[in-house]
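Enquirer: Sharing a structure with you now.
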Amino acid sequence: MSSELSVDHLLGIKYLKPEDIELIFKTADHFKEVINRPIKKVPSLRDITIANLFFENSTRTRLSFELAEKRLSADVINFSAASSSVKKGETLIDTVNNILSMKVDMVVMRHPNPGAGIFLSKHVDASIINAGDGAHEHPTQALLDSYSIREKLGDVRGKKVVIVGDILHSRVALSNIFALKLQGAEVKVCGPKTLLPKHIESLGVGVEMNLKTALEWCDVANMLRVQNERMDISYFPSTREYVKQFGLNKKLLDSLKKEIVIMHPGPINRGVEITSDVADSEHAIILDQVQNGVAVRMAVIYLLASKIKQ
């Protein structure tokens with residue numbers, strides 16, 4: 001296995017090789033041990049400065065990246081579009097170049113426009129990590145999801161994973177499909193027909209419209225929220241109707257003929273895509289995902305920073 005990534009940026013899962021994912025996971029294993037020690041910090045990136053640029057609201061992802069960076073002893077700059085010159089009409093390139101002029105080595109960016117990270121990587125001299133670009137990709141979320149499956153079930157290869165909910169507007173769904181397929185998992189999607197992208201089968205995934213049938217088939221169910229903030233029209237009759245057809249509750253979970261692993265990338269809309277008694281049950285690894293997110297992001301940052309230092 002190579003000791004370095006094949007890419008200089010993490011722009012999306014589709015740019016990675018299986019060997020890259022394996023290297024990230026092996027590195028994350030090491031950092032998982034580190035963050036469970038009494039002293040959780042390592043001096044690996046004392047000479048690296050990282051800017052977190054968030055042009056969309058975020059809680060878990062932003063905090064997870066910031067904690068990962070500080071655990072690695074990097075210098076961290078946090079940028080919020082809401083309180084910046086972006087509000088005055090400043091372009092993305094001008095914003096980033098102003099920040100890079102302060103000798104920043106790496107940029108972690110969330111942006112509402114698909115492909116923003118790709119665009120940026122072609123115009124600036126810094127390593128770029130995509131922390132979510134519109135409804136396009138969210139690579140570190142997919143990596144931590146696969147890492148959590150690997151930790152729980154031993155391997156991702158050969159596992160059956162169903163992604164349930166708003167697939168159409170979800171960057172998490174797309175990145176997960178790419179990551180899971182790359183590692184040899186079988187993938188199906190389940191949700192209202194109006195929330196499934198056209199030609200989704202072209203990505204090598206199956207489509208199942210019945211939630212119980214999908215759950216009977218899978219080893220892992222990744223429950224996604226309905227992204228109302230990305231909708232300008234109604235995609236289903238009512239929330240009540242959605243819950244009836246695609247909400248996961250304890251009664252449905254208990255009716256299955258086997259045990260499955262429940263995941264959710266957050267934020268959870270309790271009582272909609274998943275009930276509290278399922279989200280808080282022993283079947284769910286939702287908080288494991290959050291903890292693993294720090295270790296996986298430490299691994300990604302460390303491996304990309306290693307290429308900067310060369």
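Cβ atoms here come from the backbone N, Cα and C positions, even for glycine.
Feature list, courtesy of Swiss-Prot:
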BINDING   R60, T61, R110, H138, Q141, G266, P267  carbamoyl phosphate binding site
BINDING   K88, R171, R225  L-aspartate binding site
Enquirer: Which site among R60, R225 has the most other CB atoms no more than 10 Å from its CB, taking these as binding-site residues?
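Expert: Highest number of other Cβ atoms within 10 Å: R225.
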Enquirer: Name, in the order they occur in the sequence, the residues of the same chain whose CB lies under 8 A from the CB of R171 (L-aspartate binding site) and which sit 6 or more residues away.
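Expert: Once residues fewer than 6 apart are set aside, R171 (L-aspartate binding site) is near G132, D133, G134, A135, H136, E137, H138, Q141.
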Enquirer: Can you give me the residues near the recorded carbamoyl phosphate site, meaning same chain, not R60, T61, R110, H138, Q141, G266, P267 themselves, Cβ no more than 8 Å from the center of the site's Cβ atoms?
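Expert: In sequence order, the nearby non-listed residues are S58, T59, S64, A131, G132, V172, P265.
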Enquirer: Expressed to the nearest Å, what is the distance separating R60 (carbamoyl phosphate binding site) and R225 (L-aspartate binding site) at their Cα atoms?
Expert: 15
Enquirer: Count the other Cβ atoms sitting within 10 Å of the Cβ of Q141 (carbamoyl phosphate binding site), across every protein chain shown.
Expert: 27
Enquirer: Would you mind reading off the Cα separation of R225 (L-aspartate binding site) from P267 (carbamoyl phosphate binding site), to the nearest angstrom?
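Expert: Here the two Cα atoms are 7 Å apart.
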Enquirer: For P267 (carbamoyl phosphate binding site), list the number of other Cβ atoms lying within 10 Å of its Cβ atom.
Expert: 9
Enquirer: Kindly assign P267 (carbamoyl phosphate binding site) to one of the three DSSP-derived states: helix, strand or coil.
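Expert: DSSP assigns P267 (carbamoyl phosphate binding site) to coil.
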